[in-house]
Amino acid sequence: MKPQQPQPPLLLLLLLPLLLTTVSSYPLNPKQLKALQSLNISTPTNDPCNNNNNQSSSSSITCDDASPYRHITSISFTNCSSTLSLPSKTLKPLSKSLISLSFTNCPSLSPPYHLPISLHSFSAVSSFLQNNRTKLSGLFLARLKNLKTLYISSTPIQTSRRLYVILGNMHKLTSLTISNSNLTGLIPKSFHSNLRYIDLSNNSLKGSIRISITRLKNLKSLNLSHNSLSGQIPNKIKSLTFLKNLSLASNKLSGTIPNSLSSISELTHLDLSMNQLNGTVPSFFSEMKNLKHLNLADNSFHGVLPFNESFIKNLNFFEIGRNSELCYNKTVLSSNLKLEGLAPCDKYGFPLWSPSQKEESLSGENDYDVEGGNEEKTENLKTKEEEEEEHKGSNKTLFGLGIGLFSLVFLILFLFYLAKRCRLI
């Protein structure tokens, strides 16, 4: 009997690894290889496209699978040498294929001003820091009109132009991060509708939260924290129905939390801490089933905290402290919860502790730990009004005693006088 011949599909499967090896063995474009060699980029083999797993390398390179030559599509520089430079003659051979370029911890490097405008992704973290000549230019960024991702962090942007001028031509941009980059001015009056992620935190932006942001129907994350934004949270924020993360912390926002915020049912992370927000804490938060992170600390909220124990326990993070006029109902919330910087309410719904008493009574303890001996201390604490009433009462008592003693002395003297007159008669 003749041995059975392998079926064609099985034969193809057996040959597939060989075919893949053949494809990946195509050499790098000679001009691009020469450009890399001029940058002194060390590679473990003759193929720079295979250095991604080399931890000792200061660069990471990605290539396509084109034939007869492969092309570089992505370069990431990390911990750059002070001697590294990117002259235009080096970048020019890369311009036709390079779509992603990133720099991390390259402080002495000058920005690559001759970058190809075909880039889809540009990232700079703690780079271009040495002097004004090497700082990143807003005008340079504005040229990159094909970007889909722009990530700038801890890298100053030198520009007298407004943020909109930088972003104006980036119609394809979906992810925008410019954080800790010395941005000033106002939030742009308009954004391109493709944006899904915005992080403009740790800058010096001022003015109000513009309505332009609420028109970004596909926005999933918005971080405007650590700026100098003022005014109120706009009611139209309810339009951001796909928003999952919202951070407006460390600004100068005032007014109340708008009820329209309850319309963002997908919200999982909300940080409004360190502002000047006032009014009562909305009860609708407890109905937002996806909410896992809630920070309302360091504001001017007042009244009774409207949350129950099950809602707070369902959160991964909850901070509400340092709202001096806000308190919790200890008959609703268990003492097992740890609420830092929040006083219990008295029977009238006001904080039981004054701020000075809070500091004394909370030294080394949690604000919510009021069981046992702590509960007895809590009951013995008096508000300023109670102390004033006691002080007034003691003054009245002393005054009454004084009048009584004076009357007694007068009566004795009067009787003595009458007795003396009777003897004379």
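One is the number of the first residue shown, and numbering goes on along the chain from there.
In case you wondered, yes, glycine gets a Cβ from its N, Cα and C as well.
Here the structure is a predicted model, which means the values were calculated and not measured.
Straight from Swiss-Prot, the features:
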TOPO_DOM  26-397  topological domain 'Extracellular'
CARBOHYD  N40  N-linked glycosylation site
CARBOHYD  N54  N-linked glycosylation site
CARBOHYD  N79  N-linked glycosylation site
CARBOHYD  N132  N-linked glycosylation site
REPEAT    144-169  repeat 'LRR 1'
REPEAT    170-193  repeat 'LRR 2'
CARBOHYD  N182  N-linked glycosylation site
CARBOHYD  N202  N-linked glycosylation site
CARBOHYD  N223  N-linked glycosylation site
CARBOHYD  N245  N-linked glycosylation site
CARBOHYD  N278  N-linked glycosylation site
CARBOHYD  N308  N-linked glycosylation site
CARBOHYD  N329  N-linked glycosylation site
REGION    355-389  region 'Disordered'
COMPBIAS  374-389  compositional bias 'Basic and acidic residues'
CARBOHYD  N395  N-linked glycosylation site
TRANSMEM  398-418  transmembrane segment
TOPO_DOM  419-425  topological domain 'Cytoplasmic'
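Features recorded in Swiss-Prot, as mapped to the structure shown.
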| residue | record | Cβ neighbours (10 Å) |
| --- | --- | --- |
| N40 | N-linked glycosylation site | 11 |
| N79 | N-linked glycosylation site | 10 |
| N182 | N-linked glycosylation site | 14 |
| N202 | N-linked glycosylation site | 19 |
| N223 | N-linked glycosylation site | 20 |
| N245 | N-linked glycosylation site | 18 |
| N278 | N-linked glycosylation site | 15 |
| N308 | N-linked glycosylation site | 14 |
| N329 | N-linked glycosylation site | 14 |
Listed glycosylation sites among N202, N245, N278, N308, N329 whose Cα sits within 10 Å of N182 (N-linked glycosylation site): N202
Secondary structure of N182 (N-linked glycosylation site) (DSSP, helix/strand/coil): coil
Rounded Cα-Cα span from N329 (N-linked glycosylation site) to N223 (N-linked glycosylation site), Å: 32
DSSP-assigned states of the repeat 'LRR 1' (144-169) in counts, ordered helix, strand, coil: 5 helix, 7 strand, 14 coil
For N308 (N-linked glycosylation site), the one of N40, N79, N278, N329 that lies nearest, given that the glycosylation sites are compared by Cα: N329
Nearest of the glycosylation sites (N40, N79, N202, N278, N329) to N245 (N-linked glycosylation site), judged by Cα-Cα distance: N202
Candidate glycosylation sites N40, N79, N278, pick with smallest Cα gap to N329 (N-linked glycosylation site): N278
Model confidence over the repeat 'LRR 1' (144-169) (mean pLDDT, whole number): 88
